[in-house]
Each structure stands twice: as structure tokens, then as C-alpha cells.
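Read the structure below first, then the notes.
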Amino acid sequence: MVSALPHSSFSSSSFMTSSYMPGYAKLNKRGGAGGWSPSDSDHYQWLQVDFGNRKQISAIATQGRYSSSDWVTQYRMLYSDTGRNWKPYHQDGNIWAFPGNTNSDSVVRHDLQHPVIARYVRIVPLDWNGEGQIGLRIEVYGCSYWADVINFDGHVVLPYRFRNKKMKTLKDVISLKFKTSESEGVIFHGEGQQGDYITLELKKAKLLGSIYGHTSVMTGSLLDDHHWHSIIIERHGRNINLTLDRHIQHFRTNGEFDYLDLDYEITFGGMPFSGKPSSNSRKNFKGCMESINYNGNNITDLAKRKKLEPSNVGNLSFSCVEPHTVPVFFNDTSYLEVPGRPSQDLFSVSFLFRTWNPNGLLVFSNFADGLGNVEIDINEGKVSVHINVTQIKKNRIDISSGSGLNDGQWHEVRFLAKENFAVLTIDGDEASAVRTNSPLQVKTGEKYFYGGFPMQMNDSDHSLFQHSFQGCMQFIHVDDQLVDLQAVEQGKLGSFANVTIDMCAIIDRCVPNHCEHGGKCTQTWDIFKCTCDGTGYSGATCHNSIYELSCEAYKHLGKTSNYYWIDPDGSGALGPLKVYCNMTEDKVWTTVYHDLQPQTSVGGNSLEKLSVLQLNYSATMDQISAITSSAEYCEQFISYSCKMSRLLNTPEGNPYTWWVGKANEKHYYWGGSGPGIQKCACGIERNCTDPKYYCNCDADYKQWRKDTGMLSYKEHLPVSQVVVGDIDRPGSEAKISVGPVRCQGDRNYWNAASFITSSSYLHFSTFQGETSADISFYFKTSASDGVFLENLGNTDFIKLELKSAAEVSFSFDVGNGPVEIVVRSPNQLNDDQWHRVNAERNVKQASLQVDQLPLEVRKAPTEGHTRLELYSQLYVGGQRGFLGCIRSLRMNGVTLDLEERAKVTPGVKPGCSGHCTSYGMYCANGGKCVEKYNGYSCDCSKTAYDGPFCIKGKCFTQEDLVSRTLLSSTDPETTATDLNLNKEELSFSFSTTKSPCVLLYISSYTQDFMAVLVKPSGKQLLWALSIEGTTDNNTRLTCKIGKIDQDIYKYNTPGFTGCLSRVQFNQIAPLKAALRPTNASSHVHIQGELVESNCGASPLTIPPMSAATDPWHLDSGKVGFVPR
């Protein structure tokens, strides 16, 4: 588009000579000196092109000056409709700096990430070849653009009246573009007599959409910049897409109605004058709109052809009126110096500013004749004025006003000072203006500094305020005179450094909000920060869940049964929920509860034909679905107790009662049966009370009957409603019970693949992690290196690998060059044990953690590319290969099904064995780790303990006798040939308040015995051992607790009183065998009553009672010995 333009379409900040004029800056042209070069190579130079009318620009290309050492290595692109109020091109949330050339003649082209529409383009060189100077030739690519424009003056309203007086729509599409300098104003509005309405308006320079009267959504920011913004609203029923400047927000309206009822008209630019009184307080829109389209009707075209009748108030025109403001953009090294009227006795400044920083210098000026100075700052979001007075003892006057003024909005500051009086007013609020009558003499100086100071200025001339201002100012007045900033830019007035005049390049780094899961975003000029408190997530962008994914994961951290928070989809959209984790010996159960009380009564003289019982769970349906989807098995108990209230109306009738499950589907089977089978459990088992029916309740007896059972088709769970019928007859009654949802197993946690050849890998679809990516998995290997996974783009990539036996590497490139993070372990990672890897990359930082080693973090650059653009397939195992196992691979909250893909991939096998090498340590007290396909379990059969980790001991109370036949000549099947009776191991725990007593006694058919006693003092244990003769496989041993043989009868009281637990003699656990019936229980003989107790539980879960109130007054101990 540039090559055909005349020289008059080009302009520049300066040029060296006529041979270097901007008109020669055309790509591949050699006219003049072969391109444009300014008179000085500094950061205040620019080259500008005027296309004559608006164009849609899609790409830009540059060259250096022909056959020279002059080329630009980095530049910015600004654009405008008017040649004023410039806007810098943004990309990836930053003011973009384009990479330029590396020589004078090669062409470097950049396709814009998003097209821009403008008449003027300005190129601002940022850096250039150090051995030459600025030299530039350019080309801009795009196409023509045309649109009808309407100017709204803040009073006029444009109505579009419907052909029918009422419009009832299921679908709506509304699109338009707007630009404005105002932060408030109604863009369009429609309403109906039934209360429906739809409104789109600006509130604090953000876009607020309201629909149906009870759903609102806010998006965007800084929309009062007088640049074009595009809006598209697509509604289908209650589902709405709101697109603002390419950012799409999906939401669903509240309520139950899909249709939008509007009456008579929809108005653009404001509220209708016939609108409700409450709407009159809203401001009308002031600015320009173009390409207004409502459900296929071109509103701007209709208005231009005078097919629409604007309101009588105000003026509607078809050319955009531009504001007269000239903003100034400051960075942290900027200042603007403007002259004032010296030696006046009235000091007066006013201006508008906007910033995100809580601190910064706004204005500074010295009084004449050494009378002091005035400094105006923004300090912690307030505007503060400091007047240093030199002629009196109290040499400083401080006043401040406002709060939260670093919110990115425009704020007005007016300050006036004269003899013995000063006043500070913020945003024109005279009522809250701050005044002072302190002694003061005023005589204005010659210079006023905005935003900072010149480097050469003497420190004694100003205060020690350290923060320069970063932000924008406009409408700068000094001594009641508006400063001509264009004259300042041209060097005719004052001076400046590192400011940009006629541009406000403020960016809202919190829109779109990169803080996930409800994290709160705060920002300064350069950075944003996420506060994750109370969200259940952590990290720089609140991306990572602080909870485990499932109860299975908690078990493998050694946790016991309890309530835990879990997050089934990790970093996904679902939030955490609290569940009960029941860790049994061989399974882990996850339980989710609801609020329906057991045996809830329905019927009983009810006039209602149907009774609907709603179950409200402690989690959302989506959260429960995530649990059931990953579980191996789920169940939910359901019970129907009836008296003259039929259930399923079997054998062939329509059911009276049904339940509603996942996805609001009705189900007509009952507990103990299955989908498609209209039967109860008794119908399946053929034991119903009346064999003619398939449910007990269908017999319609006057006596109470019951149908119960488990619902175990997990794709239908949970039960959300039970609808009960047949309760409207006299005498009809029913009671409903529904248990909690219980699921066991976690297929995601154990989903694994074994890579058995170095060339094998699994492939999946491209990983979608443009601005936020997290990857977690477990691996085990004996190899010293290998690639876990990788995904490639054109130049972007992401890769995780084992670099050496003790190093894991996370590397990626998002366009700023390769980045690598390495975690080095003090121990070998190729030890064939499971190790956990967590990697994350977002717009703030990247991190890598291995097991519990310290987290390695790499900050992202403050400016540069932020989007990870990948195109190839995702390779797990890597194309360079990995030997070993990978398990539980999750990427952005989604588990990859390694097992399913491994089934059809050569060189890879589903599953992975060898879990006990990593988790066997959790099997305590001699428990044996047993390998399972999905995990492991602890075999506690050879110990005195049980529970999932063999840590729960068995104990009893009162006076009992337990004896066990160990080796009996009468029971040869119990003979153990490998038993070594040259060594015995005995252990137990006890507590008692009685002494003396016998704790344990072991005897044999010979005179050999073993005993442990508490001596009469109660302060010592006595153990006795007598061995006589030898033993063989026919020796009978008896273990007795309580009453004993005559040899030590003198130590015996009427019986042992107290608590014994965890009793084990060699491989024999008599208490456990007695309390947990197994095949071994037939050899346990009990005299008296044996009562199981938790008196031996350890550790205590409640504080101990005082000796005065505790009937046991426990003194506990544990003894274990090996006689030699």
C-alpha cells in the first residue's frame, strides 16, 4: 500500500538532507539516498505514512537504507485515524517492539497477530545499527476499509422500531464498533413489559452487559481511549458469547426462560425517553459508532438513509468528531518542563492523570525569591501536596485528598495557593476539597516540572521523593493557562525527556485476567500480581491446586481415613470439594454426602399426586461426575419403605416412582437391579414377598414392606431427585432413604504405560497451553536419560526430559528464545522407584519441581512473547526415546489415557509393575507389601495389626482369657516345619491400674514356660523364663492371658483388669484372630466375654482425661524381648 503513494503522503520528525526525505522510504526503492534518515539518530525520531483514508492493515516489512550501514534493529508501530491521539500496536498484552533488520537490504516482514484499522501509520525506531545511524524503507500490507459512522453528542438517541410491537426472540446477534473519551454511557438498550431487558453500557470505562434483568457481566478496561473497539453479542436462549476486541467471554443467564421479550424498539446511544424512571440517571453515549448491526439489520445504513427517526433532543451526524485533548505519556525516566508566569502571588495548577502505580511525582515547582517550593505527589493512591516554606519556623505544609486514585481511571487534580491559604480538589468534588490556612507566602517561579526532574537538576532544589510518575496526563493548566503540548513537542515551548506527546499507552494487565480460579489481580505500571488467598489454588497465576486429586493420592502419602479436600481435575475449572476418604485394607473409598435425612416420610393423607425429594450434595454435579468418571466402581444405597404405596408397578405397569441421576435423566430401575430392567433386588433374586411382582412394594400390602439395594451403574450416579407417586390414596405411606455416593479406585492415578524399547513413544493431539500450561506425572526408570514428552511448533516447543541420572530438565520457547530449567537431585533418579514431576509455565513465570526437592523458578520477561504456539502432535516417551514407566500424566487438568494408547502401540505396554519399591515403606509393623495391577496393598495377616497400613492394633478390656493352639499333635495341618523355637519374639501394649497381675503366660506340655507380670508395687515388670527339654513338631504350646498356672499363682489377682493390645508371639496374633474371624480363629479359645475397645489406639485423638475423672487412669507401656 506504500509503494504507490506520493511523496506528500510521507512525513517525519526530521531528515538529514533532501536526498534522505521520508518520501524515499519505500521498500526495494533506490530513489534519493536510498531511504529515509533523520537529522539526528535518537529516540525522538519517527516516520509517518498517510494512506488518505482508513485501511485494514495486516502486515509490515522493513529494510535499511540502500547499500549503507544504516538500518533499524527494533521499532514500534503507532496508528491513528486523524494523525493525532496515536495508539501503539499491542501484542501479547504489551506495547509491541518489532525486531528489525540485520543489514541494509534484506527484507524483514511481520504479519500482525491481529489487523488494525487506521489512516495513519507511524514508525518509531527504538534501536539501530551501532556502526551507522537510522535508515529505513518500509511497506505496509492490507486492504481497503469502509464503514458508515454515526456521531452521538451525548444527548441524541437513535431508536430502531420493530415491525411488530413486540419481539420474542430465541436468538440475537448484535454487533458494532465504538470509540469515546467518556467513561460512562449507554451504548444500546431494549426492554419489555414483562420485565425483560438488555442493556450494554460503559461503567468506569469497562463494558457492562445486562440481560433479562438478573444477569450481568463486565469485561474490558480503559475503553475511554477514543480508539475503536469492536463488540459482538451472540445469544441463543440462555447461552451468550460476548466478544470485545477479540476476547470472547462465555456465560449463561440466570432464570428459566430462553426467549427475550422486547417491546416496540431498541435504542442506540442512550435510554428511551419512555423508559423507566430508574433508568434516567444513566448517561447517554458520547462518541462515535460504526457498523451497527441488529439481527441482520444495518442500523447505520438505515440511519444515514433517514429510515430511522432520532430523538428530537441533540444532534446526530455522520462524521466522527474528534476531541481536542492532547495526552502525554510518561515512563519512569520522563519529565515535562513547562514555563509559568513568574512572580505571581497566586499559584494555580490543574491536570488530569491516570496511572496504576500507587506512588509517583506529579508536579514540582520552586517559588521565586527562595520562598520555598511546591510538590504534588500520588502517595499510596492519594494525592498529597507538600509546601516547603523557608521564611517561617514551621517549614512544611502537608495536605492530601482522595483514595484509590491508582485505578487506571482519569482523575482531575486542582491545586490553588495564595497568601495564608491553599486548597486541593480531586475530581471536581468541592464538598471534599481540603483547605489549609497555615501561614504561607506565595510567589510563583519560572518552571513547572511534571512527572520527574532533569538529571542535572540540583538535589537541593526539590524534595527526596524517589518515584517518578508512570502514566498519562492531559488538560495540563499552569497559572490558569492550558499548556500547548504540541508547541512543546515541536521545541517551541519548555523541554521534555522520554515522554510521548499525543499518546497514552496505558495497558490494563488485569484484562484479560490471567489470575485463575477467582484469584484477585492487582497491578502496577509494569507488572501484575495474583492474590490466591481462599481460592484453594497457588502459584503465580493461582493455577495449581493445593489439594490432591483423589483419596487414592492421599493414601499414597500415608494418610489414614478422614475428611480431605480433593480437586478431581487439578488445575481445571472445577473447584475443590471436601469428601470422606475411607482407607480400607484393599480399597480406598471416596464418599460424598447429601442433606436428605434417612427414612424421609412422604404421603400419609397427602393431596399431592407426586412428591419430589431433592438431594443437595456437598459438591456440584460436575465435581461428582469427575469423581465417578475416574473411579473404578461407584455405588449408592437406596431404600423404599412402603405401606400401600406401589413402587415400579411391576410386572408391566408404568412406574409410580423413579429417580433422577446425572444429566437429569429419569431412571426406572431400583437398587440391586440395573439399567433397562424394571425390577427391584427381590425381582432379580426371585425372592419377592409376592412372586407375581418384581418389587416387594408393588404387592400393595397394608403392612410395611421394603425394597432396598445398591445402585452401581456409575454413569447414572449420583441420585439428584426421587419422585414418589402412589401416595394420594387413603392409608398410603412411604419412606425414602438414599445413602451417600461411594466410589473406590482412581483409574487416572494408576493410568500408566511401560516403554520397553528406546524407539517407542505414544502420540496424542497437540497440547493446548498457550498462556497457561501445567504438566505433572510420575516416572520410574533404570536408564540414565530419556525424553518424557515433547511438543513442537514452527519455532516454539515444550519438552521434559531426564538429562542425567540425577537431573530433570524442563525446556520451552514461546518466541523469546529457548529457556531451560533444571532440577538436580542429590540422589539418583534412575533407582527404579516412582518420582513425581510438576512443571508449569504461564505469562509470569515457569517452574519445575521433582519429588519434594526445592521448586526451581524462572521469571518471564516483562515484555515479549507470551503465547505458546504448538502444531505437531504431542509425543509421550519422546521421539528420542525413554525406557521405563510413566504414570498419571496430567496436562492442564486432563489425564492422558496412556493405557488405552499403549494397547495399540508397538514397544509400549499398558500398566507398570513394581509399586512396592516406592510405597512398601508405608506397610508398618512387619506388614508385607503386595503388588497389584493398580497400586499395592499391605498384608497384615502375619502381624498383630490391621488397617490399610498395618498400624491399627487390636485391644480388649476387662477379665478375659485368650488361648491359642499353636502346634498341636491333634491338628497336624498346623505343623510348621520351619518354626525355630530356639528364638521367640513377643510384643504387646497394656494399660492397667491393678497390681499385681499377670499380663501374659505361655506354657507347653513340658515344664517350659514364659510369663510377664506386674509386680505388687506396680512400678516394675517381672518376666520369667523356664526352659526344660526340647521341642519338636508335636509340642503343644498354649498362650494364656489372664489366669495362669500354679507356679506363679501368687502374683495373680482375681484376673487382669485393664487394656491389652497388639499382642504378638512370633507369627501368632491371638487378639487379632479372636476379633477378626479368619481360618486361624478356629484355634482361638475364649473364656468369659471378649470386648473390642479402642483403649489401645495410638496416637490419641482426644486429650487425655484428668486422673480425677478418668476411671481407667491409664499408665501404659510396651514390652518386647527376645530370650536367648
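Note: Cβ is positioned from N, Cα and C throughout, glycine not excepted.
What TrEMBL says about a protein is an automatic prediction, not a curated fact.
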With the disulphide bonds as TrEMBL has them, who is the partner of Cys912, out of Cys885, Cys940, Cys950?
Cys885
Helix, strand, coil residue numbers for the domain 'Fibrinogen C-terminal' (542-594) per DSSP?
5 helix, 21 strand, 27 coil
Please report, as numbers and ranges, the same-chain residues at least 6 past the borders of the domain 'EGF-like' (913-951) whose CB is under 8 Å from any CB of it.
552, 555-556, 558, 560, 583-586, 588, 632, 745, 747, 749-750, 780, 832-834, 885, 987-988, 1062-1064, 1067, 1069, 1071-1072, 1076, 1078
Checking distant contacts: for the domain 'EGF-like' (506-543), what same-chain residues at least six beyond its ends satisfy Cβ-Cβ under 8 A?
90, 93-95, 219-222, 225, 247, 329, 332, 354-358, 408, 470-472, 565, 567, 571, 575-576, 771-772, 774, 840, 842-845, 847, 862
So if I draw a 10 Å sphere around the Cβ of Cys912 (disulfide bond), how many other Cβ atoms end up inside it?
25
What are the DSSP helix/strand/coil residue counts across the domain 'F5/8 type C' (1-143)?
9 helix, 69 strand, 65 coil
Within 10 angstroms of the C-beta of Cys885 (disulfide bond), what count of other C-beta atoms is obtained when all protein chains are considered?
23
What stretch in 1-143, 149-320, 325-504 has the biggest tally of Cβ pairs under 8 Å against the domain 'Laminin G' (751-912)?
1-143
Give the mean pLDDT for the domain 'EGF-like' (506-543) on the 0 to 100 scale.
93
